[in-house]
């Protein structure tokens, strides 16, 4: 532990200043972007973007994103892989992600084996997330809309979109609980006001959309790295930290595999909306490049933040994140813990914006599947605000005292729900259709993909049924096969294999000739076979 230099009188006001400055900055930004948007809307009525001129239509359209669940045309493609990497590095550096490490440590394994499990399963879950990210530049579609070819126009809404909406709500509820708790603990704000400010800032970012989300994450990249280095030093100098904490101890398979459901599930939880943040990239980007620019930043930041969370919990003896961070930081100097909490709270605002943005696209996708309409800015703003209200109501019901139990259960059940989907979606994209889709047909209720995709829905339901006996969420549920296997949860590994194989077998007789004819002459966007090269 470093000497206590008595700087609480400096650190606490600094933490408050950071928060207040951020709040004022976003209020000012809202006014500026509103003015630019009004000007941009007028300009967009006069400017017609020409094919082959990336970015022109976006600039003319003003700062508020005008697209929602529709395809992004080639003339509106813009951005860089470096920006994509920034989004997925920063997205993991926040309070909720760090709490994941403490939850994993609480499963009963030693710190050493918890860290090993975090490394293994974080990268494992990120593999699937990154493959989904690579679909964005190729198709120019939001992630879940691309599920219609597998599950059908209406079937996707019932089977996939509803679970995705639950995913957004669960994660943002966890974020809301931690943001309000952090603001209350450090800034002494009422819990409701802390959430209101956090949700308001996140909603503002989400309303302006894709470009602002990318810009903010680019800006935050260096500061969050500095913050994490500072937090790592604090954790490694905490009162109870010693080399003895890393003594391996006996290996326990049950907590090791449950960590798969938690940290692997956390990373897999990005999959239903990861390509939402790569869909504006040039179609010539390529699946390999977008995969690596997602996999490495997200995987590395996940291991760092989850692992640090576990170390903070072990080094302070605290089971709750905010007190644990304060205890670790204050061993450097009084008030340092508050600075760490506020820094991670800022990261949490960025990820809350990502969740609100993705949640709004999911709500629009569900509504569009049940009754087709042309969603625009107004619909997207309305769904973002609806997300904020729903999350506030649920977080008020759950309460801070039940955070750990709620969060752990949410991670596990959502991982179960999306395991079959990710297997089906990726097999369809890479091995069945090889990236070739009739994009216009995806938006037609009576198009070639039909209202109910029996192959995708059958594979999904059967996979869930196969997974059930192997699931574990003690003490609430332990499947009979899991009980025979010593309470070890193999369900996700089984689900990935079964879902992939089942869907592949069910599509062996799928005639793709008509679809490929329509795809080759698609009036909106032509996709090319992944085996031949990028889309044009």
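Placed from the backbone N, Cα and C atoms, the Cβ positions cover glycine too.
Annotated transmembrane segment per TrEMBL: 17-34, 86-105, 111-131, 151-171, 191-213, 220-241, 253-271, 291-312, 332-357, 378-398, 410-431, 452-470 (among others), in sequence order.
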Are the transmembrane segment (410-431) and the transmembrane segment (220-241) close, by which I mean at least 3 Cβ pairs under 8 Å that are 6+ residues apart in sequence?
no
Selection from 86-105, 151-171, 291-312, the stretch that has most Cβ pairs under 8 A to the transmembrane segment (253-271):
86-105
For the transmembrane segment (191-213) and the transmembrane segment (111-131), decide whether they are in contact, meaning at least 3 CB pairs lie under 8 A, counting pairs 6 or more apart in sequence.
no
For the transmembrane segment (151-171) and the transmembrane segment (291-312), decide whether they are in contact, meaning at least 3 CB pairs lie under 8 A, counting pairs 6 or more apart in sequence.
no
